[in-house]
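Inspection log for the structure reproduced underneath, given as structure tokens.
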Amino acid sequence: MYASREDIGYDFGDDSKVGSKPIKPNPNIDGGWAWMIVLSSFLVHILIMGSQMALGILNMEWLEEFNQSRGLTAWVSSLSMGITLIVGPFIGLFISMCGCRTTAIIGGILNALGWILSAYASNVHYLFLTFGVTAGIGSGMVYLPAVVMVGQYFQKRRALAQGLSTTGTGFGAFLMTALLKYLCTEFGWRNAMFIQGAISLNLCVCGALMRPLSPKDLREKYVVRSDSEENRPKAQSHSTETIKSNGVLSEEPEKKEEAANEEVLGSVQHIEIGGKSGSGRSMYGLRILKTVSQLTVTVKKGFALWYSSYFGAASLFTNRVFVAFIIWALFAYSSFVIPFIHLPEIVKQYNLTRQDNVFPLTSIIAIVHIFGKVILGIISDLPCISTWNVFLMANFTLVTCILTLPLMQTYVGLAVVCALIGFSSGYFSLMPVVTEDLVGTKHLANAYGIIICANGISALFGPPFAGWIYDITQKYDFSFYIAGLLYMVGIIFLLIQPCIQKKQPREKSTEEAQV
């Protein structure tokens, strides 16, 4: 059973004309340099997401150094993790103007600067600015391009490629935990952060590997997509066009804008040709004027695309399924983060510390999480399987585990539930695929930026909210129950919106028939 285009309820254009052109596929789509993009994204997940999952080591050092409350100190890690995701929509603006490669390189420098400046922190509030904000923004500027580039380079194996690249989070959690623990023991936490800042400069190398596809390559990708959809009906859309408010896609606004941009640059070039007989100083000034004009056009075009995606007539928010996806994201990520934060305390309350020291429950989640991403990606790429259905089934499994976890009071029971949490949370690798299916590759950067922004809000406020519930009830049970129920509300939105979208065109056609 699969979800067709009509099941998702989104209107797609006619690809018959495009698909009929015998264009040779680009070898870099689903192969060639595409695997270098996967490697780059894999390393980004190790250096960014893996480091953030290992911040518990530094958190203990900060508690001992600054003698502040646990709640205040924990906000350093929460800010870094939350801001990395929250800045997604604004990073989409940078990508529209500068491209993924430039954005990622700048982000790598900013992330490294945040780590290095944090080594000189004199108090926790200093860390809020240097590590929470500076390093967090830098991480966001690298993380979003890493996800978007994989989506651009892959068509037939998108889910597998995203799954392989995002397994870097699990590997990074182990590598960075061991590395930070060693560095803090041997050199102290300040020197450890300085060294980690130097290591983070490798993010610039990862950014340099993000070679952009040419417009011709993108067109060839869409030809492959339109041909493959005949044998594999899935919820996919054109990504070479902009979204109208009724869900139909159009390319006319972009053509008009490009014509206006060419007119501006043409006038500058005409002045430059006419002034060749002038002095060298005048020619130098004309070249500067031309460069500034080109930069202005690029910024204007990128901002127009970014603005129209969020607020214009072509707003992404006119896609009701995508809006339901955002609501789901607001509740989903905290259900994954809360166990990482509170499981050690739960283990201590149940007197299971000895067993947990042998094989920590959080390590079980991280290990199985790696396999979950790869396996779910492989399943989603099967011709007869819908990514949308796999995504929903994984969500149902995860929310069931979150609701049943407080009922387990033995190590074996908790280990089984944690293994299921790790495997089902592998759907994170499918999020970019589902997003691209809803809005198209061209709008993937802006759309996925919104999704990870919602995840960031969830990661920022979810764990403190769970701790607040514990302070009131003196139990973690209600924290998991409330998080699970909110998560279920998000899943229900994902279920009902496609049905509404599917029903509306039928009602409209009935009214037209009556007229």
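Any Cβ shown, glycine's included, is placed from N, Cα and C.
In TrEMBL, annotation is done automatically, which means it is predicted and not curated.
The transmembrane segment feature in TrEMBL is assigned to 33-55 (among others).
Positions annotated as domain 'Major facilitator superfamily (MFS) profile' by TrEMBL: 37-502.
For 75-95 (among others), the entry in TrEMBL reads transmembrane segment.
What TrEMBL records for 102-120 (among others) is transmembrane segment.
Under the heading transmembrane segment, TrEMBL lists 126-148 (among others). Remote same-chain residues near the transmembrane segment (126-148) are listed as 40-41, 44-45, 48-49, 52, 62, 75-76, 78-88, 91-92, 94-95, 100-101, 103-104, 106-115, 117-118, 162, 165, 203, 206-207, 210, 432, 444-445, 448-449, 452 (criterion: CB distance under 8 Å, separation of at least six residues from the stretch ends).
Only residues 6 or more beyond the boundaries of the transmembrane segment (160-180), in the same chain, are considered here, and those with a CB under 8 A from a CB of the stretch are 34, 38, 41-51, 53-54, 56-58, 146-147, 150-151, 153-154, 192, 196, 363, 366-367, 369-370, 373-378, 380-381, 426, 428-430, 432-433. The transmembrane segment annotation in TrEMBL covers 160-180 (among others).
Remote same-chain residues near the transmembrane segment (192-210) are listed as 36-37, 39-41, 43-44, 47-48, 51, 58, 100-105, 107-109, 111-116, 118-119, 138, 142, 145-146, 149, 179-180, 183-184 (criterion: CB distance under 8 Å, separation of at least six residues from the stretch ends). TrEMBL lists 192-210 (among others) with the feature transmembrane segment.
Annotated compositional bias 'Basic and acidic residues' per TrEMBL: 224-233, in sequence order.
Marked as region 'Disordered' by TrEMBL: 224-256.
Feature annotation from TrEMBL assigns compositional bias 'Polar residues' to 234-248.
According to TrEMBL, the feature transmembrane segment maps to 321-341 (among others).
The feature transmembrane segment is assigned by TrEMBL to 361-379 (among others).
The transmembrane segment annotation in TrEMBL covers 386-405 (among others).
Per TrEMBL, the feature transmembrane segment maps to 411-434 (among others).
Distant neighbours of the transmembrane segment (446-466): 71, 74-75, 78-79, 81-92, 96, 143-144, 147-148, 151, 305-306, 309-310, 316, 322, 325-327, 329-335, 337-338, 341-342, 431-432, 435, 438-439, 476, 479-480, 483; these residues of the same chain sit at least 6 beyond its ends, with a Cβ under 8 Å from one of its Cβ atoms. Under the heading transmembrane segment, TrEMBL lists 446-466 (among others).
TrEMBL lists 478-496 (among others) with the feature transmembrane segment.
If one looks beyond the transmembrane segment (321-341) by at least 6 residues along the same chain, the residues whose Cβ comes under 8 Å of a Cβ in the stretch are 8-10, 53, 81, 85, 361-362, 365, 395, 398-399, 402, 405, 418, 421, 425, 434-435, 438-439, 447, 450-452, 454-459, 461-463, 465-467, 479-480, 483-484, 486-487, 489-491, 493-494, 496-498, 501. When the stretches 75-95, 361-379, 386-405, 411-434, 478-496 are ranked by Cβ pairs under 8 Å to the transmembrane segment (33-55), first place goes to 75-95.
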